[in-house]
Structure formats: C-alpha cells, structure tokens
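Per Swiss-Prot, domain 'BFN' is recorded for 119-254. Here Swiss-Prot flags 285-320 as domain 'UVR'.
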C-alpha cells in the first residue's frame, strides 16, 4: 500500500544565523565536515534526506511532497529491522594503530607504542596497492580466528579522538561524538551496533543502528563515515561488524611472525616476546604521537596557547630527527 500527495506545512521563520555559520560550528577545524549533515536516515520504511541547505520562506505556507508505503515486503520483513547475528557480518575490534603506509611490498602499520607491523593482502587476488605516504588510519581486527586486519584511512582528528576514547583520556569539552550520544539518549533510543557494509571505489561506508528503548522492533538506521560510526560505537560499547566480503577482499595479515615470536625470556612458564614488553630504549615515534595528541586535544578544547606550545615542541622534535637522519 502506498500513499502520495501534497502536504501543507507552516513555513519556518527565517533564522538570524545563516546555515553556513551553523554548519561551521559543527565542522570545527574542518575535520568533521558533513559528519551528520546531509546523512540519509531510514526510519523503518520511511526514508528521508536531511538537507543542510536552507531556503528562506517567502509565503506563509509551502507545499511539500511526501510519501508513505507499506512496512512489509510481503514476507513479514519490517524495513529498518536488522539481526545482530547476521551471517554476512563478522565482529571486529579496534587496534591501537596510528597510521598506515602502503607500497609495492605491502602495508606497514604503525602502532601507538611505536612498533611497526608489516602486512600483505590476505588473499593473492587482493587489490593493487598504490604507494602512499603514511596516513592516519583506523585498523580493525576481524574476530573470526583468521587474524585478518582491515585498515581504513581516515582524517587525523577522528583517529586521535578514537585513541583518546580507547585510552579513556578525559577531554574537558564534549566532542561531537559525546553530543550525538547524549542526543540519542534524550530521544529515547540506544545504539545497537555499527556495520562496515560496503566500499565505493576507495571509500568505505558504514551504518549506525539505533533501537527504541524498551521496543527493539522499532529501529532507525543512519549512513555514516566509518570514522564517525566507529567513534560512536567505542563510546557506546557496542559491536563493530564488518561484511565478510570486505574482510576477504580487502583484509591484510601480518608477515613478520619472526619478530613477534622471538623469545626474550621465560618467567613462570610464560613466553614474553619483543612485541609484548619494551626494550628499554626511547621511542621517538611514541613521543611524536604523544605531542600530536596533546596538540590536537588542546585545539579541540580551544586552549590555543597550549596547542601552540605543543606544536613548537613537535617541530623541535622533528627537526632533531631530521638532523639525526
């Protein structure tokens, strides 16, 4: 059953603030642009596009075309419903990775502790790897026993905020992800799970699933960037699932088991490896990441003098590294 026709609604009075100013306040520092403006929201079977474009009204009434269709496809499936145990998806966890560099020999993942993990495609028919400089990334480990990793290139700010959430770093001012989490709670919904569902060319897509508190048959689905969806999932402590076809076609695996399995000592029958404990040497990469994190957090909290101080320390460290090289 479907109904279509014009709907009369009272025109909204022109706001004093232009939309560009509102958008800029949500996309501070240019890092979270179009994070939620313009996203597609699917409420059961009603699909609507939330447009950030504001049109000032010239009349008291305006005509809007709307549509409504049946909530069943004939098989009892309610549009917007989902199954957390869908066999097409597999659970994953977030690794504490900082950046990913790719080249002809594969991938190199830099971990938060400064260690480098060299990887290659999980299958011989994987995508061709274009050479690229180190880029901020979120790395997911597929929890199916295969030790497959899925690197997702993101902007630097979402990567830093994700590491802050994983390490429980306190940020004085609320981030956009904390605001969204509180908005969802106020609306009477809860985050159920996040899914990385497809890739369009080189860009991954994600879905955020919400359910009504007390009535899980009522759900809403949002299409988001993976960096935003994963940040929300970590803060809400919900599963992050990856489509199995993506894990198979784009997944990578470590090819340096020798470095990871070198015995560094035995204690009470436990084998400690080089990767499991520090070697006592200063790690310049970890120090550099700490300075970058402190600088970005200070900028988010609008402590610009502190951010400038961290920036100067970072430039000094990098200049020393260049001289050493």
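Quick reminder: no glycine exception, Cβ is built from N, Cα and C everywhere.
Predicted, not measured: the structure shown is a model, and the values here were computed from it.
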For the domain 'UVR' (285-320), give me same-chain residues lying six or more residues beyond its boundaries with a C-beta closer than 8 angstroms to one of its C-beta atoms, as numbers and ranges.
28-29, 98, 110, 112-114, 156-157, 160-161, 163-164, 169, 171-173, 175
Tell me the residue counts in helix, strand and coil for the domain 'UVR' (285-320), as DSSP assigns them.
33 helix, 0 strand, 3 coil
For the domain 'UVR' (285-320), the mean pLDDT of the predicted model:
86
As a quick check of your reading of DSSP, tell me how many residues in the domain 'BFN' (119-254) are helical, how many are strand and how many are coil.
40 helix, 58 strand, 38 coil
